[in-house]
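Engineer: If you scroll down you'll find the structure; I have some questions about it.
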Amino acid sequence: KNVTIFGYPLSIFFIVVNEFCERFSYYGMRAVLVLYFKYFLKWDDDFSTTIYHTFVALCYLTPILGAIIADSWLGKFKTIVYLSIVYAVGQVIMAVSAIHDITDGNKDGTPDNMTLHVALSMVGLLLIALGTGGIKPCVAAFGGDQFNEDQDKQRSTFFSIFYLSINAGSLLSTVITPILRAQKCGIHTQQQCYPLAFGVPAALMVVSLVIFIVGSGMYNKTAPTGNIMVKVFKCISFAIKNRYRNRSSKIPKREHWMDWAEEKYDKLLIAQVKMVLKVLFLYIPLPMFWALFDQQGSRWTLQATTMDGNFVSFLLSTVNPILILIMVPVVDFIIYPLISKCKLNFTPLRRMTVGMFLAALAFVAAALVQLQIDASLPDFPSSTEQQAKFINMVDRPIDITLDKLLNTGSPVLISLPDGTRNTLVILEEFGDVVAKPEEGANAIRFFNGFGMVLNITVGEEGFGNIISKNMSTYFLIKNAAGNQCVFSREFGFGSSYTFIIPPTFTLEENCGQHIKEVEDIKANSIHMAWQIPQYFLMTSGEVVFSVTGLEFSYSQAPSNMKAVLQAGWLLTVAVGNIIVLIVAEAATLPDQWAEYILFAALLVLVCIIFAIMAYFYTYIDPAKIEGNFANLEPEDEKKKNLEVAKKDMTLAGTGSSGFQTTKILRQIGSRL
């Protein structure tokens, strides 16, 4: 206990490593979550997006619960331990839910009981949301508790290292986890390895818990002293009830509706609550920013799957944390000083307004990219349409007249150049092209017009025996090899081809030249690099919005209510994800680019409203206001409150909020 190295408590080593592993676990799992929904659980884009944002919203709602449990009941240490166990169990359940072999009775690579996999994944995500949200306001605060009051410098350095570990864990996981997912694994059939992609984060969460517990004997564990959030809620509740009871016009009105709490609560607390409510009122428009920001992990990830590029190695979700690490110092040490030299009053609220506008521009950029993607996609038949494809195996041109397509046999009139006419009724159906191949893969099929059965293999994947005049099904392919006949073909991302083996086919060395190819779907032509501008704009918006917003909240909050505003800030993230669900479901726009424009327009509208609100906002000095009220109190009460205020100012950020100073806030980004 109280072991120090270079003036720092040894216990903080365990806390920093714990946070690195936890952030790796969370962001690693989240990096492939929407892809797991779409490609493993086979949900469509809209439903995958809905569940993804519901999960993120829960992760930012539960911190309030975690803060109350820690401060009012269990204390920070026990809260972290118990909820980390819940967290680890949830990660393990997620990894198990992704094992297709547990319900693949016929060994065809497809789970036979998808309901079980869905149920397991939903239970896992619920436990993860409870765990990660619950410990979010506790870990940084617990780290701050390890320092004495005379270790301000060491505490500041600790928080810098702490948030560096957050960004490092986030960055590494968003690079490594997609690579793990791209591996092949399975007992009976080899599939993309979601169990490994979820299993490694689960293992890191277990390691995180073990490391945290190992340091137990060295920690300074403070007992819970009551949650200030609960006290604030009770004060507000009493003011509302008291105002309602005294609603008669004969009773004199009071300057502020919170003044109706004076019968039960002291004036200092009421003044502090007024300051908090003033800032929380400004928070009302903020969720719209997060509604756009968090779609980087859903809509933008799905957009990337329809583009040209190596989706595994170029997963663009890594762009955000990389740009954060680069742009925070650039903005702080170059952009802001230049603006200051131009004698422009770039206040925090003006910065946040600019940040919201940049996020809207990011979605305009995403819409422009989507328009280019849509232009490169084929027109697939709707549910009320049919498509027909005719392959001419005759060495003469054929005129085909198609009057109508029926559900049961479709009469087709075929005319040859010599006047011969014949009516063919199409009775067989071959699975035709109804969608782009998934994740940039290539869909290939062979039509065997040769006079005998041919066996065709592609690398280690085989088409099997294809009977004469029979069409193969679609397979993923990179090159093709026939019986004693080898030919290769370069493919782009997301293309689809039909290869026709004619009756004149011969098994010779250059047999590939006799095989005719038909391009069913063109390869993706828009490269993923075109997403970089939208990521750059969004990250720029995040730097001037999120970091500045935290700084503003800290500077305008009473000394002992930093936690309340931090909880309010996290709540705006949760509400933002709920907005995505509402807008996406209510809008029902047929085109994705139109949905991007809708979100951008909504944010611009909210940005204007926020700018008006900011114009009428008056900046305050919480310490000065608290000092004025302290002078009006009895001597003993004044002394007590000043001591509390001094202590809170010293340890501010080591409460539920987890932020210590403006310098620290500028290093956070959005990785919490």
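In case you wondered, yes, glycine gets a Cβ from its N, Cα and C as well.
Bear in mind that TrEMBL entries carry predicted annotations, made automatically and left uncurated.
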Engineer: Quick one: sort out which of 4-25, 114-135 is the transmembrane segment according to TrEMBL.
Structural biologist: 114-135
Engineer: Residues of the same chain, at least six outside the transmembrane segment (275-293), with any C-beta under 8 angstroms of its C-beta?
Structural biologist: 232, 236, 258, 349, 355-356, 359-360, 362-363, 538, 541-542, 545, 549, 552-553, 556-558, 561, 564-565, 568-569, 571-573, 575-580, 583, 599-600, 602-603, 606-607, 609-610, 613-614, 617, 620, 622, 625, 670
Engineer: With contact taken as 3 or more Cβ pairs under 8 angstroms (pairs 6 or more apart in sequence), are the transmembrane segment (193-214) and the transmembrane segment (596-617) in contact?
Structural biologist: no
Engineer: Which range out of 53-74, 80-102, 161-181, 596-617 gives the transmembrane segment (351-373) the most CB pairs under 8 Å?
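Structural biologist: Against the transmembrane segment (351-373), the leading stretch is 596-617.
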Engineer: Take a look at 53-74, 114-135, 161-181, 596-617 and tell me which one has the most Cβ pairs under 8 Å to the transmembrane segment (564-584).
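Structural biologist: Stretch with maximum Cβ contacts: 53-74.
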Engineer: If we skip the immediate neighbours and take only residues 6+ beyond the ends of the transmembrane segment (596-617), which ones have a Cβ under 8 Å from one of its Cβ atoms?
Structural biologist: 278, 281-282, 285-286, 288-289, 291-292, 295, 299, 347, 349-350, 352-353, 356-357, 359-361, 363-364, 366-367, 370, 583, 587, 589
Engineer: For the transmembrane segment (114-135), could you work out the same-chain residues 6 or more beyond its ends whose Cβ comes under 8 Å from its Cβ atoms?
Structural biologist: 22, 26, 29, 36, 40-42, 55, 58-63, 65-66, 69, 79-80, 83-84, 86-94, 96-98, 100, 102-103
